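Straight from Swiss-Prot, the features:
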- LEU78, ILE124, GLU125, ARG138: S-adenosyl-L-methionine binding site (BINDING)
Amino acid sequence: MSAVPDIPGGPAQRLAQACDALRLPADAGQQQKLLRYIEQMQRWNRTYNLTAIRDPGQMLVQHLFDSLSVVAPLERGLPGVVLAIMRAHWDVTCVDAVEKKTAFVRQMAGALGLPNLQAAHTRIEQLEPAQCDVVISRAFASLQDFAKLAGRHVREGGTLVAMKGKVPDDEIQALQQHGHWTVERIEPLVVPALDAQRCLIWMRRSQGNI
């Protein structure tokens, strides 16, 4: 795999260039909210240890650019705060068993003026079944476990989407053998300034499974 060049400049310049590289239109208000989100993540991280990533530049790449890379593919069809900022007409619910993470999401919903964003402090398997168009995971579980735990929250005709690193061939084989869900497509992602493999795994119920 060839190296991905870094993006020079300050956070605002790097964000603008990353959006251009992703062909993702982001107005001034959206960009301001995205930068405030990263600033608040840095502040909360000093006290609550939300993420092991400490370097502000790497936080920009691995938490912001990485999440932005899924916005356009999902619209053709991370996550969380970033999706709510970039797509105000989507209703986004973040589910996490770690209370400090859901508290942070709620704080961001208020601080950034995101009425379309909410957080549920629970485990996905403990939620009452929802009727979601899309359920997306990032660094969560194997494809089979993800489908087993989250599949009941997807409406008929809806989609499960897993954000992965390199294509997980063993997980795909295990999922297909189980028979309830099938991989519809695998979409490679290019994250600006990140020299690592990323892909989206799109899954739908197998015919006859509702």
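Placed from the backbone N, Cα and C atoms, the Cβ positions cover glycine too.
Quantities reported herein were computed from a predicted structural model and do not represent experimental measurements.
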Surrounding CB atoms that lie within 10 Å of the CB of ARG138 (S-adenosyl-L-methionine binding site), all protein chains: 14
Three-state secondary structure, ARG138 (S-adenosyl-L-methionine binding site) (per DSSP): strand
Packing count at GLU125 (S-adenosyl-L-methionine binding site) (other Cβ atoms within 10 Å of its Cβ): 12
Other CB atoms, at most 10 A from the CB of ILE124 (S-adenosyl-L-methionine binding site): 19
